[in-house]
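K.L.:
Before anything else, here's the structure in question.
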Amino acid sequence: MSGLDRQPAPLERERPGPGATRRAVLMLEDGRSFAGEAFGSVGEAFGEAVFSTGMTGYQETITDPSFHRQIVIMTAPHIGNTGVNDTDYESERIQVSGFVVRDPSRIASSWRAQRTLDEELENAGVVGISGLDTRALTRHLRERGAMRCGISSADTDLDSLLERVQASPGMVGADLAPEVSTAEPYVVEARSGLPIYRVAALDLGIKRNTPLSMAELGCEVHVLPARSTAADLLALAPDGVFLSNGPGDPASADYAVETLTGVLDAGVPVFGICFGNQVLARTLGFETYKLTYGHRGINQPVADTRSGRIAVTSHNHGFAVRAPLTGLSETPYGRVAVSHVALNDDVVEGLTCLDVPAFSVQFHPEAAPGPHDAQGLFDRFCGLMAANRQMRGDG
Ligand SMILES: NC(=O)CC[C@H](N)C(=O)O
């Protein structure tokens, strides 16, 4: 028997015959609509229309809590070819409110595939649309900006759908982290069995691979709900505090800013990712603002402003930090430098504090999905925790 003979048969979904597909419509808040076919669950979904340029990693994308209340459009036309499995979930469930694919794969062919994408969406009750011109839709969003959107395969009357889209909530001012955060604290054990560092992680919408990446380096990660206070975090006597990614508008997360203020005052090392970068920025006194259409995908070049090194990184953000790209900013916590800048549009992609042990990045070193260029940032966090211990004389 050859190796090929032993491969599992591809999973194929029974599909309706020609002409039997169900009509679906995608409607944008400015009245532009796109006709397509129902994909996943039949029904109706509303959210902010955003596009992702990742060609792979769709399972990690749809299960990333940062996409809560967003309808994700994949710019790569062919999605679903490796199916879906139980292990690549980045959270407990599918988080996107809707999913848009030009040309879903008719079969799922991978030794790891357990179900097709179509049936996974359907089982989860997540509404999708396929067969529409995703290139035209993406170009429209690039010109006009991310906007509210609705998908319907239930009621495809354009006028009434537009009314429902315009009545749906937008993303500016949306406080969504508590909606996706863990209800109860939990612990991710250090991989070695011997914890070297204890990390208190504020779950603002954390992805599974983030505590796992730290656990690989010997961290015992205590994950706490979004509204935990500084006292809750510090009660663990952590070596460091981690602030996760998360959905919604960072300008609405005053509770996280208050928590972080207490942590910075206590002198505990801090590392933040994405939403966590925005929360650190706000705590330092910087503002956040909404990008026209955001950065989403796994092929985003970022420059390290100190070394000049360029990393290709994974992004998923619609908001960004406003800070001077060069020089040092004076803040209530001392001097702060912009450590990383996006090469496509000069957006701030990271901050480093010079006078307190804190730094953050807007992109995703946990790389799920994504390239591994930025993984060293978890080592940098461990280095910061080690240095802080030594400084306190207990290292
Ligand atoms: N992935 C994230 O943490 C996203 C942060 C924030 N919700 C934004 O869109 O910018």
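Just so it is clear, glycine is given a Cβ too, placed from its N, Cα and C backbone atoms.
Remember, TrEMBL labels are computer predictions, not curated facts.
Quick caveat, the model's predicted, so the values are computed rather than measured.
Checked TrEMBL, it gives:
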type	residues	note
REGION	1-21	region 'Disordered'
REGION	1-197	region 'CPSase'
DOMAIN	22-152	domain 'Carbamoyl-phosphate synthase small subunit N-terminal'
BINDING	Ser66, Gly246, Gly248, Phe275, Gln278, Asn316, Gly318, Phe319	L-glutamine binding site
ACT_SITE	Cys274	active site, nucleophile
ACT_SITE	His364	active site
ACT_SITE	Glu366	active site
K.L.:
In Å, how large is the greatest distance between any two Cα atoms among Ser66, Gly246, Gly248, Phe275, Gln278, Asn316, Gly318, Phe319, the listed binders of L-glutamine?
P.N.:
13
K.L.:
Please list the recorded positions from Ser66, Gly246, Asn316, Phe319, Glu366 whose Cβ falls under 6 Å of any atom in ligand 1.
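P.N.:
From Ser66, Gly246, Asn316, Phe319, Glu366, counting a Cβ under 6 Å from ligand 1 as near, the near ones are Ser66, Gly246, Asn316, Phe319.
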K.L.:
Would you list the DSSP helix, strand and coil counts for the residues of the domain 'Carbamoyl-phosphate synthase small subunit N-terminal' (22-152)?
P.N.:
27 helix, 49 strand, 55 coil
K.L.:
Counting Cβ neighbours within 10 Å across all chains shown, tell me which of the binding-site residues Ser66, Gln278 comes out on top.
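P.N.:
Counting Cβ neighbours within 10 Å, the top one is Gln278.
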K.L.:
Give me the non-local Cβ neighbours of Phe319 (L-glutamine binding site): same chain, 6+ apart in sequence, Cβ-Cβ under 8 Å, ordered along the sequence.
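P.N.:
Phe319 (L-glutamine binding site) has long-range Cβ partners Asp249, Pro250, Ala251, Gln278, Thr288, Tyr289, Lys290, Leu291, Gly294.
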K.L.:
Suppose we draw a 10 Å sphere around the Cβ of Phe275 (L-glutamine binding site). How many other Cβ atoms does it contain, all chains included?
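P.N.:
That number is 33.
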K.L.:
Could you tell me the mean pLDDT the prediction assigns to the domain 'Carbamoyl-phosphate synthase small subunit N-terminal' (22-152)?
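P.N.:
The predicted confidence over the domain 'Carbamoyl-phosphate synthase small subunit N-terminal' (22-152), as a mean pLDDT, is 97.
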K.L.:
Report the nearest neighbour of His364 (active site) in space among the binding-site residues Phe275, Asn316, Gly318, comparing Cα positions.
P.N.:
Asn316
